[in-house]
Amino acid sequence: MEPGNGTQISEFLLLGLSEEPELQPILFGLFLCMYLITVLGNLLIILAVSSDSHLHTPMYFFLSNLSFTDICFTSTTIPKMLLNIQTQSKAITYPGCITQMCLFLLFAGLDDFILTVMAYDRYVAICHPLHYTVFMHPWLCGLLVLVSWVTSSLYALLQTSMVLQLSFCADLEIPHFFCEFNHMVQLACSDTFLENIMMYFGVGMLCGGPFAGILYSYSKIVSSIRAIPSAQGKYKAFSTCASHLSVVSLFYGTSLGVYLSSAGSHHSQSSATASVLYTVVTPMLNPFIYSFRNRDIKRALRRLVGVATMKTVAP
């Protein structure tokens, strides 16, 4: 593999979250549990939605796609970190690093777009309830998810192709537990002015555009809720989007906080620790947020667990 001007790169070193040996078993156990909870929790959401015909609606269709994305999003980083801790090796090959970065950008962008599509779904449901079945037709829902995949893929490929053009110095230590785009750019020896411009432009477009769409949707939702005369009606309308609003706040609050706080940091591991919030904690909490006050999801999960239990105890 010959990146940039031909500098031979064989591998990078991921420094992880801590270099203290006594903390490695604790980190391994902690992140293994968090990863298993994330995968099982989101998988249960997908199975519940697919097995219950009452949940075959646009809102839960987008939720199942979000759960699938969260599983993939977490799986791009945590398994490699766990393997590095278990084998006491910090190495990751150059092709492996590029692949991990590309997949991370893909699923981070997809997470962003699906949250935006879910905000649009809530906007139509609350602001135009009589036309909901017309606006949120199954083919349109599928098209919105497809466009999200295509846009995220193009963004990931564009950013990855830019990194492939860079040449790297001898110091190949990445102060992170995965290959993140901004750290890769900071390691380069060649001029990275264009890459930095494109990085901030891409983050602005990928985060700013969807975030503006979410803000617009919720501004309209708030206006519609305020127009409802009864307090019970207002509560019922708001409760349908409370879970989504919680997830959006958690995802954007943590991810933007990490990027803004680490904008000038080149070798600090503090940003790596903070990145755990949106790469691990947020995907892990999503199933709990969506099922905690959602009676439909609770009912589907109970039915799913009941069927599984009956099959287990059946002779």
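Glycine too: its Cβ is placed from the backbone N, Cα and C atoms.
The annotation transmembrane segment is assigned in TrEMBL to 26-47, 59-78, 98-120, 132-158, 197-216, 237-260, 272-292. Per TrEMBL, the feature domain 'G-protein coupled receptors family 1 profile' maps to 41-290.
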In the same chain, residues at least 6 away from the ends of the transmembrane segment (197-216) whose Cβ sits under 8 Å of its Cβ atoms read 109, 112-113, 115-116, 119-120, 155, 158-159, 162, 181-182, 185, 248, 252, 255-256, 259
The transmembrane segment (98-120) touching the transmembrane segment (237-260) per 3+ Cβ pairs under 8 Å rule
yes
Averaged over the domain 'G-protein coupled receptors family 1 profile' (41-290), the pLDDT of the predicted model comes to 85
Counting only residues at least 6 beyond its ends, the same-chain positions whose CB falls under 8 A of a CB in the transmembrane segment (26-47) are 16-18, 63-64, 67-68, 70-71, 74-75, 78-79, 81-82, 85-86, 280-281, 283-284, 286-288, 290-291, 297, 301, 304
